[in-house]
Amino acid sequence: MAATSSPSTAAAAMWAFAAATCVKLLLVPTYRSTDFDVHRYWLALTHALPARQWYTDASSQWTLDYPPFFAYFSRLLSLPAPFVDASLVAIPVPAAPSSSVYILYLRLTVAFSDLLLLASVLLLARDARRRQRPFLALLLVLWSPALLIVDHIHFQYNGFLMGLLLLSLHFLEQGKDLAGGVVFAALLCSKHLFLVAAPVYFVYLFRHYCCGRGLARGLGRLVLMGAGVVAVFAMAFAPFVYYGQKKKWNRS
């Protein structure tokens, strides 16, 4: 049975996360890459237009080229935006941010999405069987210089995506291979660049979940895993295939 994380470790992780969030707030006025403009357009796009137009709208050069689950994620982040600054969700998108509040809101969406990373790291720390220094591992992730630079200066949402990956690994650590495979499929439907890890997942899940259990049971598990993954991809892509946007993805 996996050891459970101590309350002191969880509390320390929360303090570390809170301190890291304070540092992220200090980075709000720093340099922003063109990815800032990309994501502010996607935020407005997914809020102002119906889903059937998300992959065809050409009002900006920053067309949506991430898989559908990330588009839904952008839509979720956009929901409070009209109450903060209406220009955040206006189409066409303003050539430049209209106010400091506009910039702050977008920066805070990145910090907010890191909550999934925190939760996943805590779950993995709880899973670990040798946890002589669990807080050190937590600290290295929550204070990762790479994530601070790429997400909170350059501007991306890699902390959220890494949170999905670590959540999948948590399920694998728990022996819940089906859940781990389904969450990884959701990650692929959020950012296609994680396809590089798909062969590793396939080999592990095939060997650990399907093999060594008899032919009939192994085939049954293979079908179940395949059905779970296909269901996730269908949830992500089927509406847009119905809207006739398959050609758009082929050109991306």
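Cβ atoms are placed via backbone N, Cα and C, with glycine included.
Packing against the transmembrane segment (12-31) from elsewhere in the chain are residues 100, 103-104, 107, 110-111, 114, 118, 121-122, 125, 135, 138-139, 142-143, 148, 152-154: each is 6 or more residues past its ends and has a CB under 8 Å from a CB in it. Taken from TrEMBL, the feature transmembrane segment covers 12-31 (among others).
Among the features that TrEMBL reports, transmembrane segment is placed at 76-96 (among others).
Under the heading transmembrane segment, TrEMBL lists 102-124 (among others).
The annotation transmembrane segment is assigned in TrEMBL to 136-158 (among others).
Note on the transmembrane segment (178-206): residues 66-70, 73, 161, 164-165, 167-172, 222, 224-225, 228-229, 232-233, 235-237 of its chain, located 6 or more positions outside it, place their CB under 8 angstroms from a CB of the stretch. Annotated transmembrane segment per TrEMBL: 178-206 (among others), in sequence order.
Tertiary proximity for the transmembrane segment (218-242) is limited to same-chain residues at least six positions away from its ends with a CB under 8 Å from its CB atoms, namely 51-52, 54-55, 67-69, 177-178, 181-182, 185-186, 188-189, 205-206, 209-212. Among the features that TrEMBL reports, transmembrane segment is placed at 218-242 (among others).
Among residues of the same chain six or more beyond the transmembrane segment (136-158), those with a C-beta under 8 A of the stretch's C-beta atoms are 9, 12-13, 16-17, 20, 23-24, 27, 30-33, 35-36, 39, 70, 73, 106-107, 109-111, 113-114, 117-118, 121-122, 125, 128.
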